[in-house]
Amino acid sequence: MARPLDLQGDDEVVGTKGVVKKVEFVRIITEALYSLGYNKAGAHLEEESGIPLHSSGINLFMQQIRDGKWDESLTTLKKIGLVDEKIVKLASFVILEQKFFELLDKEKVLDALQTLRTEISPLSIENNRVHQLSSFIISPSQQVLSGVSGQGIVRVKSRTKLLEELQRLLPPTVMIPEKRLVHLVQQALDLQLDACRFHNSVVGEMSLLTDHKCGRDHIPSQTVQILQEHSDEVWFLQFSHNGNYLASSSADCSVIIWEVKLDGCVFLKHLFSGHQKPVSYISWSPDDHQLLTCGVEEVVRQWDVESGECIRIYEKNGLGLISCGWAPDGKRIFCGVTDKSISMWDLEGKELECWKGNRTIRMSDLGITSDGKHVVSVCKENTIVLFEWESRTEKVIQEDQAITSFVLSMDNKYVLVSLCNQEIHLWDVQGTVKLISKYKGHKRSRFVVRSCFGGLDQAFVASGSEDSQVYIWHRGSGELVGTLAGHSGTVNCVSWNPANPHMLASASDDRSIRIWGLNRVNMKQHGTVTNGASCCNGRS
């Protein structure tokens with residue numbers, strides 16, 4: 001700890017809660033003025049309030065640093081009220097390191113060596129760094145960029161940067177942290193965002209002049225288009241990574257690629273009819289140029305999105321494929337197999353590796369993390385395994401109920417698991433696997449009903465339901481924020497457009513796909529402009 005400024009009335013508070021100390025408040029305002037370049041205003045506030053930003057000792061110390069008076073600054077450092085000897089040593093090390101580099105920069109090698117031997121080494125800290133500094137004496141040409149090892153020729157950091165480093169090191173009672181007021185304001189905005197259950201717009205729309213609060217109109221709630229080209233139940237759908245396309249599959253054994261136009265309308269681009277069985281799974285390539293489709297315990301087909309041609313068929317003799325996914329480099333694919341194994345193939349159809357054992361079940365989802373390290377699959381009725389295929393190590397998500405489907409978040413931090421007991425569980429899989437949230441309200445008793453992440457920063461969870469509705473929850477709080485009615489049969493799958501937080505698609509047993517957007521009437525009443533368009537149907 002450091003001794004605070006000795007000011008009269010430093011216990012005076014402002015604000016209704018009685019927790020904001022006036023002296024501290026004025027000091028961070030003064031610092032903000034200086035950091036924004038309003039030097040005259042900052043100086044005037046110091047004079048008028050009688051509350052200096054820094055003590056006279058700190059001001060002297062800072063000036064000595066700017067002037068490169070290293071010995072004088074070390075003497076002042078010991079007089080400014082620091083009682084933690086470790087902080088004094090660390091600050092001294094930072095100052096002396098700057099002195100060392102500036103001497104080398106002026107080719108005063110012997111003086112730099114003297115500083116290293118008689119000033120830096122006796123501090124008896126940062127021993128590894130001291131060894132690095134020694135190597136710069138032996139080979140000055142290997143000195144490093146900004147004093148950080150491993151980056152080429154030395155370029156001494158500015159004394160302003162040195163002051164910023166010291167500012168982070170010294171206690172805030174001694175030196176106000178840089179841009180502290182901006183940090184506090186940003187923190188307040190973040191708390192308002194966290195508390196807002198309907199926030200689904202860019203942060204730039206926030207204002208400091210009013211408390212932030214979004215209405216339900218910021219999440220998709222209105223049917224803007226109905227797509228009716230499938231002739232049987234629609235089982236699966238997924239937007240491409242860039243949001244320009246939507247792929248859907250059906251019990252009619254077909255797959256359709258829909259194109260999302262700039263005005264938000266969706267039109268049929270290709271209809272694929274090569275599968276002999278209903279198509280239950282779809283996976284977009286990382287560049288969205290190709291699509292994998294999986295027939296129920298049949299084959300996986302690879303399609304070219306632009307031409308609509310089937311490029312390749314992946315199959316195993318005597319076995320069926322049940323799921324598929326791409327490696328992040330787009331050069332390999334993974335398939336779940338009916339013998340409970342997972343196969344990895346190259347794009348030419350050559351099987352590169354096969355992991356046997358209880359890796360999948362006969363109805364299984366498959367996920368590959370964006371770093372390519374983990375293959376994720378349902379390996380037992382109530383167990384998901386995150387298999388690191390290079391090291392052969394595993395993480396396990398263990399549920400008490402049977403798992404019907406799962407999906408990975410885009411940042412690989414979370415797995416969203418749909419269960420047969422009408423619950424959806426959110427698992428954190430970074431480090432130790434842990435359950436962090438549950439979502440309830442939707443109906444599921446007989447069918448596979450899929451859920452998804454979505455909205456701005458994937459702040460929402462959406463799911464289909466056997467009561468013909470789409471359910472939307474706020475991911476962080478678990479609060480149910482919307483139910484979307486319109487389908488006349490079970491909603492089997494939902495997909496949120498990753499490029500447009502205001503577009504959601506749902507697939508149903510009623511043979512239709514609904515595109516959901518913002519409630520345009522209410523948005524106009526609130527003076528908000530939408531980025532979607534209402535279209536009557538999806539027929540081409």
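Numbers here mean position along the shown chain, with the first residue as 1.
Heads up, the Cβ atoms here are built off N, Cα and C, so glycines get one too.
Worth saying up front: this structure is predicted, and the values here are computed from it rather than measured.
TrEMBL has this to say about the protein:
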DOMAIN    54-111  domain 'CTLH'
REPEAT    227-261  repeat 'WD'
REPEAT    272-313  repeat 'WD'
REPEAT    326-348  repeat 'WD'
REPEAT    484-526  repeat 'WD'
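Stretch with the largest number of CB pairs closer than 8 A to the repeat 'WD' (326-348), among 227-261, 272-313, 484-526: 272-313.
With DSSP classes pooled into helix, strand and coil, the tally for the repeat 'WD' (272-313) is 0 helix, 23 strand, 19 coil. Each residue of the repeat 'WD' (326-348) gets a DSSP state, and the totals for helix, strand and coil are 0 helix, 12 strand, 11 coil.
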